[in-house]
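The feature domain 'Beta/gamma crystallin 'Greek key'' is assigned by TrEMBL to 1-42, 89-132.
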Amino acid sequence: MVYEKPNFLGHQVLVRRGEYPDNQRLMGTSVSDCIRSSRMIPTHRGPFRMRIYERENFGGQMHELIDDCDSMMDRLRMSDCQSCNVMDGHWLMFEQPGFRGRMLYLRPGEYRNLREMGLNNMTRFSSIRRITDSC
């Protein structure tokens with residue numbers, strides 16, 4: 001995972017093993033062409049499980065996921081996710097349905113307020129995908 005800002009903040013892009021001769025194309029034209037931090041994502045071979053919550057601090061409607069969700073609104077009748085608890089696996093949360101738009105990497109842990117994770121003006125999450133070998 002590469003980030004446009006230090007300390008794993010800002011716009012994020014999942015990068016698979018390979019060569020990338022043009023960072024501008026990698027990060028997209030809407031962000032700077034500078035990669036300021038990066039981290040390896042370990043391969044997860046076990047089950048995947050996370051709970052997503054409608055409001056911050058684990059409030060509101062809750063759903064437990066064990067697989068990808070291409071539209072939280074269509075599948076779960078949930079218009080947004082503001083907190084979550086990742087129990088197993090590594091996940092990507094996207095701002096648009098169909099795993100499009102900016103993304104947020106989530107590893108196991110509690111996330112009480114997804115809005116405070118250093119994402120510039122990212123106001124809504126609409127789809128969630130597990131990070132697998134075929135992702």
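Glycine is no exception: its Cβ is also placed from the backbone N, Cα and C atoms.
Sequence-remote contacts of a segment are chain residues at least 6 beyond its ends whose Cβ falls under 8 Å from one of its Cβ atoms, and for the domain 'Beta/gamma crystallin 'Greek key'' (89-132) they are 1, 5, 7-14, 41-42, 44, 46-50, 52, 56-58, 65, 67-74, 79-83. Taken together, the residues of the domain 'Beta/gamma crystallin 'Greek key'' (89-132) have an average pLDDT of 88. Here the domain 'Beta/gamma crystallin 'Greek key'' (89-132) has, by DSSP, the following mix of helix, strand and coil residues: 3 helix, 20 strand, 21 coil.
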